[in-house]
């Protein structure tokens, strides 16, 4: 292939056109590899076109005006024809640089070619539909305000129009007027050259805000026009930049950054007042006020009420508490058995050195639930000696089914006496309680706090704290409505976080636990333990034995809650004034005790019915017992228990049910099974606790070493020499290399060396650094650490 080297350098290489690059560019390729390479003639033509466009833009009559705008046809001037031909030749270059340009010459095809007749006919086809381009009227906005017209004239006379016209996208062009732009502020800044916009904004912040009166449009326009008369070229450009910058770079302020007690007008800037109200606001579910906090309220919980500095940013504000829960579920989980590294009998792995993931997450959830607080609640600050009330009731219906005519709500609260968490149940109305007589047996209920299957009762009282004034959502601000509930009855119990009732666990929960016979025997044993202890104190549960009042704390452990409420609510003045003898009291207690036994049988029967299909869960007790005997695998012993506990003759005199005989005959053998489970659970918990036994000791040792090393530059020369040994030991402690030469996390090395250091044994160890190595015992290292730590404290 013959190539002319002189002309090849002006020819674009085909590899650039096809592939975008040429791999022979630096290896002897004779063609050009520059896409923007143009000939001198093309450069001259391009420069001439740019000069003509610049003259047209400045409003002058250039020689190069297209011929189609002067003379239509072949009689155009020679200058116009030359310009038109040059524009057609360089149409591709100009199109690549200016894709959309309103100032480009109008394209007019030549009529002296072979297809000129067709083009002429096509042009004449639409000649009657629209006027000529040169006769088209200039577009002017209909609703253009006098302010924008005045600004256009100012910009045209000041020479800023040519500067702004060279920019493609500029908010300061004459045809653009930002919404809500206040030119009166620009006039004030222009009259005071030494002042700036932030200073004026600060003055406006100090002035008390008055209700804004609607201003007349004409008066407002006159004020703005008077302000524009004092603007010159330099002040106009400076003021536009000063006033437009806060609109663009205004920092976002959360909705709850201003406490309710602070004045709302102190943080509102002037430009924010002028903004339209249809501004985009963040979603309500992303604002911090709608998120439940995971930390207790403290002095640092609330955001600062100080004005935000003009320098931008909120760095100087005090850090607030974390608004999101702990990410305890992000721990590395244990691998499945098929992926676990096989270990020998005498070997162990890091998973066995710490708590299991399930137990750790369960404890984290309980701690998180204990520390949860809720903001902006219309609840009293203090109820008797308790504060920080948080509703924890999962039911949206406050009306009680156990105590008809009453509404009940459950709260979590803190005690002023010991600082512990308690569960406070509010019951209202309680207008029938007029003195302390209904609370005469509360001391007996408090004495049952040692029973493992009863939620301990701590306090009972009536209060007017919930009947204080509260704001009505339909009333205007400041109007208050007096609560009509009157006094409220409150019972305080021990608090168990993240608990569930048996109704939620087995019947109406999201993930119900299936019922088994072993589980039923366990529930029966624990309920009998609680009922027997209550009856031994000459007390009765009455209507408290219900699936919604039996809570599940851990695994299969249950507790009776709500004890003592039915007794207080069922008390009446007639009972207190009635003179009844001991025989009547014994007969009444026997009747109440029989009611408790029947309620216990109903609870077990309701749980046993969950083993049957829906069509076999009859309402009659006798039919349900037959279906359980025919359609389930329950043992005959448990069916006999259900038969005894649901016998209608229990509610008939002489109320001959004997609890001790029932325990010996039916439940004694299952007490051993329950005790075996409890002992195994106790041993497992103790084993898991032993894995965390040494964590505190080793953590204190590592903390002591880090404190000593952090103060290394402040010691003298002798101390630095001793400190150098400690630093080398720390580096060797966490510097483990695997067989492939890469660093590994050797947990065994860290634990073994820290335990040896804590004991101070005489074993020698080799410490290696970049420049030296030393042999020293753990006892000497421990003495150095203790000495340096005493110097640090002294």
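Just so it is clear, glycine is given a Cβ too, placed from its N, Cα and C backbone atoms.
Among the features that Swiss-Prot reports, zinc finger is placed at 7-36, with the record citing sequence analysis. A Cβ distance under 8 Å defines the sequence-distant neighbours of the zinc finger (7-36), meaning residues of its chain 6+ beyond its ends; there are none.
Per Swiss-Prot, region 'Disordered' is recorded for 40-97 (among others).
What Swiss-Prot lists as compositional bias 'Polar residues' is 83-94 (among others).
If you look up Swiss-Prot, you'll see 187-226 (among others) marked as region 'Disordered'.
Per Swiss-Prot, compositional bias 'Polar residues' is recorded for 189-199 (among others).
As annotated by Swiss-Prot, compositional bias 'Low complexity' applies to 200-226.
Across the region 'Pseudokinase domain' (372-668), mean pLDDT in this model comes to 84. According to Swiss-Prot, the feature region 'Pseudokinase domain' maps to 372-668.
According to its DSSP assignment, residue 501 (ATP binding site) is in a strand. Annotation comment: Swiss-Prot describes 425, 494, 495, 496, 497, 498, 499, 500, 501 as ATP binding site.
Tertiary neighbourhood of the coiled coil (669-707): same-chain residues 352-356, 359, 518, 521-522, 524-526, 555-556, 726, 730, 751, 754-755, 757-758, 785, 789, 792, selected by CB-CB distance under 8 Å and a gap of 6+ residues from either end. Among the features that Swiss-Prot reports, coiled coil is placed at 669-707, with the record citing sequence analysis.
Marked as region 'Knob domain' by Swiss-Prot: 708-794.
Neighbour list (residue 499 (ATP binding site), Cβ cut-off 8 Å, at least 6 residues apart, same chain): 551, 552, 553. Counting only same-chain residues six or more apart in sequence, the Cβ atoms lying under 8 angstroms from the Cβ of residue 501 (ATP binding site) belong to 547, 548, 549, 550, 551, 552. Under a cutoff of 8 A between CB atoms, and with a sequence separation of 6+ in the same chain, the neighbours of residue 497 (ATP binding site) are 365, 366, 367, 369, 370. Counting every protein chain shown, 20 other Cβ atoms lie within 10 Å of the Cβ of residue 495 (ATP binding site).
A strand conformation is recorded for residue 425 (ATP binding site) in the three-state DSSP classification. The Cβ of residue 425 (ATP binding site) lies under 8 Å from the Cβ of 408, 409, 410, 411, 490, 491, 492, 493, 562, 565, each of which sits 6+ residues away along the same chain.
Here ATP is bound by 425, 494, 495, 496, 497, 498, 499, 500, 501 per the record. The longest Cα to Cα distance in that group is 16 Å.
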